[in-house]
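Presented below is the structure to which this report refers.
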């Protein structure tokens, strides 16, 4: 079989998301505000959890602080590059930059997936095993579990990046997406991608399905325990501690399942769905956790109000 000599690519062009040209400035300002507010909101949660003595030693808020770090990272990897799409000149991304973007996105994304599972397990222990909770879930154990999530995420991200970029890329170099992600990049490979698509489907499918199943099992037990609470106020307080987590899990998992668990598809809706885990969810998480979590709101008041507020509380 005759082989054609191709020059391997040194850069890619990200086509971004389709938009009417008249909305170029508006969209740039919109995503700039989203990015700034995401960083400020998550930084505020980090500072609040770290400085408040009632929060920083509790497992639930250790996980929340890690989630804020992940959200800041994902937003910084994706959104600034997305905003370049709304500038007059398209700036290519270097091959090494594309590799790094894909790796860090899947590293942080899978770590977030594992972290949501740990947060669900933490809520399960707190509601279903309240008397043994301080023994079963200590600050040291939660730190170790969060470290394990980081390690597992880094391995997953490295696996996906190695499998994707072991293939030759010799042109064209236009990635029909707003960042370097597996399905869009694989379409440019100068080789058969069947094995890659299968491994991606199985690997991401196993991670998403197993994490989601564990979260679902945790909440089945949580709902059973809450329904056994006799007072309406007790049930309301128990539900309120889980409401924020259920909301962010739903916003995160539904778009991810839509994008990665349909091998061989190329839907224009993929880009819109990908905006949720990359830009919208990191922006919403601080709002969800501050608006629905009474302890975080009180901690913010103590931090902003200073000693006088602390003495009143």
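Backbone N, Cα and C define each Cβ position, glycine as well.
Here is what TrEMBL records for this protein:
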- 41-289: domain 'G-protein coupled receptors family 1 profile' (DOMAIN)
- 26-49: transmembrane segment (TRANSMEM)
- 61-83: transmembrane segment (TRANSMEM)
- 103-121: transmembrane segment (TRANSMEM)
- 141-163: transmembrane segment (TRANSMEM)
- 204-227: transmembrane segment (TRANSMEM)
- 239-261: transmembrane segment (TRANSMEM)
- 273-291: transmembrane segment (TRANSMEM)
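When each of 61-83, 204-227, 239-261 is scored by its Cβ pairs under 8 Å to the transmembrane segment (141-163), the top-ranked stretch turns out to be 61-83.
By the Cβ criterion (distance under 8 Å, sequence gap of 6 or more), the transmembrane segment (239-261) is counted as touching the transmembrane segment (103-121), at least 3 such pairs being found.
If you take every residue in the domain 'G-protein coupled receptors family 1 profile' (41-289) and average the pLDDT, you get 86.
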